[in-house]
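Q: As annotated by TrEMBL, active site applies to LYS8, ASP132. Annotated domain 'GHMP kinase N-terminal' per TrEMBL: 62-140, in sequence order. Annotation source TrEMBL lists ATP binding site at PRO90, VAL91, ALA92, ALA93, GLY94, LEU95, GLY96, GLY97, GLY98, SER99, SER100. Positions annotated as domain 'GHMP kinase C-terminal' by TrEMBL: 197-264.
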Amino acid sequence: MKLKSRAKINLTLDVLYKREDGYHEVKMIMQEIELADNIYFRKCDQLKVNCLHPFVPNGSSNLVYKAVELVKRKTGVNKGISIEIEKKIPVAAGLGGGSSNAATTILGLNKLWNLGLNVKQMESIAGELGADVPFFIQGGTQLATGTGKDLTIINKAPALWVVLAKPNLGVSTKEVYQNLSIGNISNHPDTSNMLNAIRQQDKKGICTYLGNVLELVTLHRYSNVKILKNKICEMGANGALMSGSGPTVFGLCEEYEKAIQIAKGLGPLSEEVFVTKFV
Ligand SMILES: C[C@](O)(CO)[C@H](O)COP(=O)(O)OP(=O)(O)OC[C@H]1O[C@@H](n2ccc(N)nc2=O)[C@H](O)[C@@H]1O
Ligand SMILES: Nc1ncnc2c1ncn2[C@@H]1O[C@H](COP(=O)(O)OP(=O)(O)OP(=O)(O)O)[C@@H](O)[C@H]1O
């Protein structure tokens, strides 16, 4: 069985306070995009997880391996499976690649092993693997609160093109949260106006209300990310923002031709560039 495992961007990402459990209380709007890894499931007596990408671990430290072990523990099923991940989503980029792979694994095993898990049960298993994982069980456009695991589906967002630009560096999500001074956030994203824009299929509104407080950390630390974001704006994107903890920056465009023009013009500032769209 082959399944697509899609990436996400954050249209808004607000941090409200640091919780007693060390995590941060967030309020964010997550959007699934077409850029995807492929995941191949094959029958096997043992548990094997393979990925040829140099920065993705094989075996037990891969999030996919952890997802299989957790599903087995939760359901009492004791089977093997061989899973191969064909990576296309940049790694440690703020696009949720590993989280998406883990969620796709839960969905895949539910099907292959006839587990009969419903969405809520799958989201609950997903939540034990990471804050971003539950979103990918249903994908689309969702409001995420709590640590990111309390999810509400929003109407389908209107079709927008996305230019993704990843500079040549990876960031640690943990470090970015650790370095955020919540008292220094002067400009919280306007989540409610973004929700209105999505509900009204207002593309200009969506581009206007983009906001991510984690830019305060990553753009400050890596001037290249800031330069890249400015360049995407200057080249005529309708809006631009860093995704998640970064360093990937995205530009939104109403026209496909504009997205392609921006992608071609970014040059050496970014190591990887993709033109993709909202799911
Ligand atoms: C930045 C985002 O990608 C935006 O979608 C997410 O908030 C992060 O989601 P994620 O990478 O799945 O997060 P996890 O793997 O659960 O946690 C990684 C690290 O990020 C920090 N973390 C994560 C989520 C959250 N609400 N508060 C946090 O402080 C914690 O230090 C944690 O050790
Ligand atoms: N299946 C996987 N795919 C990608 N990375 C994985 C996977 N399993 C484990 N990892 C590890 O997880 C780390 C984070 O990778 P990932 O691509 O998920 O980051 P990210 O997009 O920044 O995540 P997020 O946006 O959820 O914080 C990598 O350094 C990698 O070693």
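Yeah, the Cβs are placed from backbone N, Cα and C, and that goes for glycine too.
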Q: Anything from the recorded positions LYS8, PRO90, SER100 with its Cβ under 6 A from ligand 2? List those in sequence order.
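A: Passing the 6 Å Cβ check against ligand 2: none.
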Q: Around the ATP site (PRO90, VAL91, ALA92, ALA93, GLY94, LEU95, GLY96, GLY97, GLY98, SER99, SER100), what further same-chain residues have their C-beta within 8 angstroms of the site's C-beta centre?
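A: Sorted by sequence, the hits are ALA7, ILE89, GLY244.
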Q: Among the binding-site residues PRO90, GLY94, GLY96, GLY98, which residue has the fewest other Cβ atoms within 10 Å of its own Cβ?
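A: Comparing Cβ neighbour counts within 10 Å for the binding-site residues PRO90, GLY94, GLY96, GLY98 gives PRO90.
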Q: Which chain-mates of SER100 (ATP binding site) that are at least 6 residues away have a CB under 8 A from its CB, listed by sequence?
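A: The answer is SER5, ARG6, ALA7, LYS8, ALA36, ASP37, ILE89, PHE136.
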Q: Which chain-mates of ALA92 (ATP binding site) that are at least 6 residues away have a CB under 8 A from its CB, listed by sequence?
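A: The list for ALA92 (ATP binding site) reads PHE55, GLY170, VAL171, SER172, given in order along the sequence.
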Q: Just the recorded positions from PRO90, ALA92, GLY98, SER100, ASP132 whose C-beta lies under 6 Å from any atom of ligand 1, please, or none if there are none.
A: ASP132
Q: What's the CA-CA gap between ASP132 (active site) and GLY96 (ATP binding site) in angstrom, rounded?
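A: Taking the Cα atoms only, ASP132 (active site) lies 7 Å from GLY96 (ATP binding site).
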Q: Through the lens of DSSP with three states only, how would you label PRO90 (ATP binding site)?
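A: Going by the DSSP assignment, PRO90 (ATP binding site) belongs to neither helix nor strand, so it counts as coil.
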Q: DSSP on the domain 'GHMP kinase C-terminal' (197-264): how many residues come out helix, how many strand, how many coil?
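A: The composition, in the requested order, is 37 helix, 11 strand, 20 coil.
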Q: Among all protein chains shown, how many Cβ atoms are found within 10 Å of the Cβ of ASP132 (active site), not counting that one?
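A: Here the count is 28.
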